[in-house]
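K.L.:
One structure is given below, represented as structure tokens, and several questions about it will come after.
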Amino acid sequence: MEYLIFFFKAFISIVAIMNPFSGIPLVISLSQEYSDTEMKEIVRRSAQYAFLILLFFLFTGDLVFRLMGITLPAFKVGGGILLFLIALNLVQGEFLKERAKKHEIEAALSRENIALIPLAMPLLSGPGTITTVLVLRASIGSFYELMALICSILCAAFVAFLVLSSSTFLYNFMGKVGISLASRITGILLLAVSVQFITEGLKFLLFR
């Protein structure tokens, strides 16, 4: 039961920081340059890339901590503050635009693999998502929790694929207001997660 709880905690945290709804404007803009089939394939590959990127940081997190001499409580506080700031922007709606800017579209189209950059990174697996995975990785205490975390990353990537591959439908169905609301709700969830990370880190640093 505890592993299931950890899975849902990790899944909600990762989906909240990924916030695939924020990528809908960019995907809609890019879809004008590609067919529906091509765009769905691009989105599928971007979700796969995001999963692999996060998996890489999941298994190299301990090495990073050791090389830089970072303790788990300190990282929880620092990572929590970063996530808190990102969550505030989400709640305020600063990460959601009706359309992607012209220079963003041109920059994306100029790249050979837009599934990797900018869709997989930094959209889905940016600094905030990587930080979340590292904090969760440092918190696990058993092999089963590690498996639960891997499954949560996989499920989060799948949710991102479903959302981004349905960008046009979601935009037409939910409208700008609905998408903005969904983005703000994920921001509220992320606020709660970030405060928990900060509290856990400070509790250990101040009262150990």
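Using the three backbone atoms N, Cα and C, a Cβ is placed for every residue, glycine included.
The annotation transmembrane segment is assigned in TrEMBL to 6-28, 49-68, 74-93, 114-140, 146-165, 177-198.
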K.L.:
Below 8 angstroms Cβ to Cβ, which residues of this chain, lying six or more residues outside the transmembrane segment (6-28), approach it?
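P.N.:
Distal contacts: 39, 43, 50, 54, 83, 86-87, 90, 95-100, 104-105, 108, 118-119, 123-125, 128-129, 132-133, 136, 140, 145, 148-149, 151-153, 155-156, 159-160, 163-164, 167-168, 170-171, 179, 182-183, 186-187, 189-190, 193.
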K.L.:
Compare 49-68, 114-140, 146-165 by their Cβ pairs under 8 Å to the transmembrane segment (74-93) and return the stretch that comes out on top.
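P.N.:
It is 114-140 that shares the most Cβ pairs under 8 Å with the transmembrane segment (74-93).
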K.L.:
Quick one: find which recorded stretch in 49-68, 146-165, 177-198 has the most Cβ pairs under 8 Å with the transmembrane segment (114-140).
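P.N.:
Maximum Cβ contact count belongs to 49-68.
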K.L.:
For the transmembrane segment (177-198), find every same-chain residue at least 6 residues outside the stretch whose CB is under 8 Å from a CB in it, and list them.
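P.N.:
Contacts of the transmembrane segment (177-198) (Cβ under 8 Å, skipping residues fewer than 6 from its ends): 12-13, 15-17, 19, 21-22, 24, 76-77, 79-84, 86-93, 95-96, 132, 135, 170-171.
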